[in-house]
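Visitor: Sharing a structure below in structure tokens format, with a few things to ask.
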Amino acid sequence: MTALTIPGLDQAPTTHERLLSWVREVAELTTPDQVVWCDGSQQEWQRMTDRLVEAGTFTRLAKKPNSFYAASDPSDVARVEERTYICSAEEKDAGVTNNWMDPNEMKATMTELYRGCMRGRTMYVIPFCMGPLDAEPPKLGVEITDSEYVVVSMHIMTRMGAKVLERLGAAGDFVPALHSVGAPLEPGQQDVPWPCNDIKYITHFPEERMIWSFGSGYGGNALLGKKCYSLRIASAMARDEGWLAEHMLILKLISPEEKVYYVAAAFPSACGKTNLAMLQPTIPGWRVETLGDDIAWMRFGEDGRLYAVNPEAGFFGVAPGTNWNTNPNAMRTIEQGNSLFTNVALTDDADVWWEDMEGEPQHLTDWKGRDWTPDNGENAAHPNSRYCTPMSQCPILAPEWDDPKGVPISAILFGGRRKTTVPLVNEAFDWQHGVFMGATLSSEKTAAAAGKVGDVRRDPMAMLPFIGYNVGDYFQHWVNVGKSADAAKLPRIFYVNWFRRGEDKRFLWPGFGENSRVLKWIVDRLEGNAAAADTAIGRVPTADELDLGGLDTPKADVDEALKVDVEEWKAELPLIEEWFDTVGDSLPSSMRDELVALKQRLGH
Ligand code: PEP
Ligand code: NA
Ligand code: MN
């Protein structure tokens with residue numbers, strides 16, 4: 001087939017030459033049956049979802065309007081970090097935490113994979129915008145994909161379609177993002193519900209601001225506006241332009257006096273970002289509104305404060321563990337429908353269910369399509385199963401969520417999942433110490449990425465899988481951001497751990513809505529109204545300094561959750577040392593200085 005005969009290719013609703021020639025080049029390489037330019041309309045959603053139901057990829061839910069269930073191929077359930085590459089021209093610019101390949105070599109390899117890979121399929125062109133469309137400049141991208149699942153997901157997760165093409169104009173800048181599931185169809189060949197390929201590449205060319213993805217249809221591997229653009233490529237843009245692209249939720253905290261504070265918080269995947277973002281405070285008079293649950297772009301405003309914008313328009317949340325107790329606002333968001341559920345379980349009356357959701361279903365279809373009963377011994381939903389739902393449906397969405405100016409951040413929280421050592425809350429002495437806290441952040445591995453769950457790993461700023469360049473340079477960039485600012489206007493930095501356990505493995509802190517007590521202490525710190533002890537690792541409150549009124553947890557447990565155990569921290573030192581040795585030459589000397597200072601404070 002020659003390019004000229006590919007239907008749709010020449011019906012482009014744009015005169016943008018760079019876009020047109022890229023789309024033509026990709027179509028000629030991948031040889032789809034037709035090209036469709038996505039407009040983002042309701043009719044398009046209807047067409048795509050109908051088609052996916054017909055193909056057996058989607059099951060229409062009976063209990064939630066305009067909502068669908070999808071099960072992936074059992075091999076394609078999470079981000080694949082070992083197949084994720086940063087192809088900078090020089091290897092040192094990718095750094096030790098990224099897989100690297102020479103960009104020309106990678107292009108040669110992937111070009112052969114892409115050759116003919118859309119045969120028998122439709123190639124969709126999705127113009128999208130990360131962040132508000134009226135931002136100056138808007139952060140635009142165009143994803144080419146052969147997956148209808150991706151088109152539907154991008155409808156939820158991004159601003160996309162005709163309005164974006166209009167904003168792009170005839171010569172606007174955009175990030176090209178090429179995606180294929182890598183499963184061409186021969187004439188007459190029956191498709192499978194979840195096409196994908198055993199060979200997977202999730203590739204970034206940070207200098208060219210370009211993304212190539214092959215072989216996976218899943219979430220962060222395939223919805224290229226999310227992790228690939230808004231974190232890996234954007235972090236490289238941010239380094240060059242003096243801002244921060246971070247793996248952070250954004251929340252708005254409103255005090256009983258109606259004073260507003262904006263907080264950004266970085267936790268690794270599946271460590272409760274979404275729950276904190278939508279928190280329902282248990283302490284009277286306090287309210288939380290949500291601005292984002294996964295990604296924050298932060299830049300300095302004219303007043304010298306750091307302002308955050310969420311580039312996304314939807315939530316791609318981990319389903320298991322989400323329920324009316326842990327996250328009622330997420331439940332209210334999905335209940336309104338217009339949502340997509342992947343790898344959860346299906347009830348007999350065509351609703352969704354997952355582990356820890358209310359109800360005791362006696363029979364389900366599990367995420368692998370098998371019969372499930374309570375005595376079955378396996379999870380009905382995959383631990384990394386997801387709901388994908390529009391932010392606009394969140395009942396506590398902050399009205400300013402779509403403001404291109406963003407919101408001024410008063411506090412940055414870092415946190416991970418640690419059974420031991422790390423106290424409930426700990427305030428940094430200053431910005432550089434806070435950067436050290438972020439740089440040494442550690443967490444037990446979750447199901448959000450392939451690999452062994454439970455192992456402790458360093459996850460700097462919760463960005464380990466998402467830093468689009470050299471990790472040491474990234475730390476230096478964080479230090480520089482602090483140096484370039486008026487220190488009094490910088491957000492204060494805190495390190496939290498909701499997951500510390502007692503001797504019998506019980507959680508020492510109840511978490512969820514009770515975390516509002518920690519947020520209140522943080523605000524009291526900002527206002528100069530709360531005390532903290534200077535410990536070796538930072539400023540830590542005693543239980544008396546937290547508002548614990550009405551809390552069921554024994555005070556002794558709270559004491560233990562807050563404890564700074566010098567021996568535990570001495571045992572942590574070699575792990576930090578090992579991590580810094582891994583980072584190697586590019587580690588800023590200021591981070592070594594912080595480690596030396598920590599050792600001295602520990603009397604080591
Ligand atoms: C994903 O896993 O596909 C994803 C988008 O993100 P995360 O791991 O941060 O939840
Ligand atoms: Na490497
Ligand atoms: Mn995430």
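Quick reminder: no glycine exception, Cβ is built from N, Cα and C everywhere.
I grabbed these lines from TrEMBL:
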- 22-239: domain 'Phosphoenolpyruvate carboxykinase GTP-utilising N-terminal' (DOMAIN)
- Arg79, Tyr218, Gly219, Gly220, Ser269, Asn384, Ser385, Arg386: substrate binding site (BINDING)
- Lys227, His247, Asp294: Mn(2+) binding site (BINDING)
- 243-601: domain 'Phosphoenolpyruvate carboxykinase C-terminal P-loop' (DOMAIN)
- Ala270, Cys271, Gly272, Lys273, Thr274, Asn275, Arg386, Arg417, Phe512, Gly513, Glu514, Asn515: GTP binding site (BINDING)
- Cys271: active site (ACT_SITE)
Visitor: According to DSSP, which kind of secondary structure is Thr274 (GTP binding site) found in, if we only use helix, strand and coil?
Guide: helix
Visitor: Around the C-beta of Thr274 (GTP binding site), how many further C-beta atoms are within 10 angstroms, looking at every protein chain?
Guide: 27
Visitor: Of His247, Gly272, Thr274, Phe512, Glu514, which binding-site residues come close to ligand 1, meaning Cβ under 6 Å from one of its atoms?
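Guide: By the Cβ criterion, which requires under 6 Å to ligand 1, there are no hits.
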Visitor: Can you list which of the recorded positions Ser269, Cys271, Gly272, Asp294 have their Cβ under 6 Å from some atom of ligand 3?
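Guide: Result: Ser269, Asp294.
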Visitor: Within 10 Å of the Cβ of Gly272 (GTP binding site), how many other Cβ atoms can be counted across all chains shown?
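Guide: The Cβ of Gly272 (GTP binding site) has 24 Cβ neighbours within 10 Å.
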Visitor: If the Mn(2+) site is taken as the center of the Cβ atoms of Lys227, His247, Asp294, which further residues of that chain fall within 8 Å of it by their Cβ?
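Guide: Near the Mn(2+) site, beyond Lys227, His247, Asp294, sit Gly220, Lys226, Ser230, Leu231, Ser269, Ile295, Phe466.
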Visitor: So which recorded positions are near Gly219 (substrate binding site), with CA atoms within 10 Å, out of Lys227, Ala270, Cys271, Gly272, Phe512, Glu514?
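Guide: So far as Cα distances go, the recorded positions lying within 10 Å of Gly219 (substrate binding site) are Lys227.
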Visitor: Is Arg79 (substrate binding site) helix, strand or coil when read with DSSP?
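Guide: Where Arg79 (substrate binding site) sits, the three-state DSSP reduction gives strand.
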Visitor: Taking the Cα of His247 (Mn(2+) binding site) as the centre, which of the recorded positions listed as Arg79, Cys271, Asn384, Ser385, Arg386, Phe512 lie within 10 Å of it?
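Guide: Near His247 (Mn(2+) binding site) by Cα: none of them.
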Visitor: Just to be sure I understand: of Tyr218, Gly220, Asn384, which binding-site residues have a C-alpha no more than 10 angstroms from the C-alpha of Ala270 (GTP binding site)?
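Guide: Those near Ala270 (GTP binding site) - Cα within 10 Å - are Asn384, in sequence order.
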Visitor: Could you list the residues of the same chain, at least six apart in sequence, whose Cβ is under 8 A from the Cβ of Arg386 (substrate binding site)?
Guide: Gly219, Phe316, Gly317, Val318, Ala319, Phe341, Thr342, Asn343, Val344
Visitor: Can you check what DSSP calls Asn384 (substrate binding site), collapsed to helix, strand or coil?
Guide: coil
Visitor: In sequence order, what residues of the same chain, 6+ apart, have a Cβ less than 8 Å from the Cβ of the residue listed as 'active site'?
Guide: Gly415, Gly416, Arg417, Ser443, Thr446, Ala462, Phe499
Visitor: Taking Thr274 (GTP binding site) as the reference, which of Arg79, Tyr218, Asp294, Ser385 (the binding-site residues) have a CA within 10 A of its CA?
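Guide: Of everything listed, what lies within 10 Å of Thr274 (GTP binding site) (Cα to Cα) is Asp294.
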